[in-house]
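**Student:** Once you've had a glance at the structure underneath, I'll fire off some questions.
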Ligand code: PSU
Ligand code: MN
């Protein structure tokens with residue numbers, strides 16, 4: 001066994017016996033939400049997954065190893081920590097070699113989930129092509145990872161702060177199936193309809209599982225995006241939230257924010273300019289993804 005990859009006993013047992021396991025990222029805990037909403041959401045998401053009969057596996061870098069499956073104590077430690085690095089593909093070897101702390105983005109979580117043998121991963125929203133990405137070249141490593149690594153990512157679409165049209169084009173070029181869960185439109189994180197069609201619609205967990213199984217059997221590389229829209233009662237009004245995004249983007253420009261700081265900065269600014277409403281929506285959509293993601297993981301383990 002690799003001495004830098006440690007699965008919790010519970011996760012190991014579940015994988016050995018074919019029980020459904022759902023991977024969870026940790027950047028959303030350290031950089032996506034403030035304390036204490038971050039720990040409360042991390043715990044509630046794990047609870048929701050357990051209630052569906054699946055095992056949650058939150059992934060982070062601690063003590064120089066990739067940890068798959070954290071205890072409540074470890075989740076608390078991560079949520080309260082000050083100096084945690086946001087780790088994407090390029091940062092993984094650095095943070096591991098330096099035995100530093102790291103929280104994994106969608107890209108890094110996909111890599112670690114695949115190494116551990118986990119097929120389904122739940123998050124809030126994937127990264128994508130940023131607005132003006134055609135000149136800044138700010139394109140999330142999440143997209144390239146989706147082109148490479150065979151893990152299904154259950155999300156409420158791409159974060160609304162992004163250019164969804166360019167994000168969809170990128171995924172199409174890279175051959176990534178973008179499935180709409182009970183919708184024909186790709187969701188836009190804080191609201192349900194980005195205005196862009198998905199590549200296929202699934203109406204049940206079983207339908208999603210059949211596609212994932214087919215893809216795996218064929219040995220097609222790359223991931224699958226499963227877009228699960230934010231619940232209606234938690235969705236924000238599109239034009240209202242777009243105005244808030246314009247404000248947040250202007251602040252980011254003024255403050256000269258770039259690179260990996262952009263997404264955390266924008267999420268935090270949005271929370272401020274929306275008086276916390278984007279955070280409330282973010283929590284609701286992650287919980288909803290956990291519920292449906294666990295159902296998909298259970299359906300997949302039933303036919304695998
Ligand atoms: N979705 C959320 N909150 C987040 C993120 C996604 O609801 O904090 C994080 C994920 O970890 C994602 C990352 O991989 O933002 C994207 O960052 P970037 O745009 O720098 O690739
Ligand atoms: Mn970026």
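Note that Cβ sites are derived from N, Cα and C of the backbone, with glycine treated the same way.
TrEMBL does not curate its annotations; it predicts them automatically.
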**Student:** With 86, 140, 141, 142 listed by TrEMBL as binding substrate, identify the candidate in 55, 106, 120 belonging to that site.
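**Tutor:** For substrate, TrEMBL names 86, 140, 141, 142; of 55, 106, 120, the listed one is 106.
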**Student:** Taking only the recorded positions 25, 86, 106, 138, 142, 159, which have a CB closer than 6 angstroms to any atom that belongs to ligand 2?
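**Tutor:** Correct list: 138.
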**Student:** Return the count of C-beta atoms lying within 10 angstroms of the C-beta of residue 25 (active site, proton donor), excluding that atom itself.
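**Tutor:** Its Cβ has 26 other Cβ atoms within 10 Å.
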**Student:** Here are the binding-site residues: 106, 141. Which has the lowest count of other Cβ atoms within 10 Å?
**Tutor:** 141
**Student:** Cα distance, residue 25 (active site, proton donor) to residue 138 (Mn(2+) binding site), nearest Å?
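**Tutor:** A Cα-Cα distance of 21 Å.
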**Student:** Suppose we draw a 10 Å sphere around the Cβ of residue 140 (substrate binding site). How many other Cβ atoms does it contain, all chains included?
**Tutor:** 26
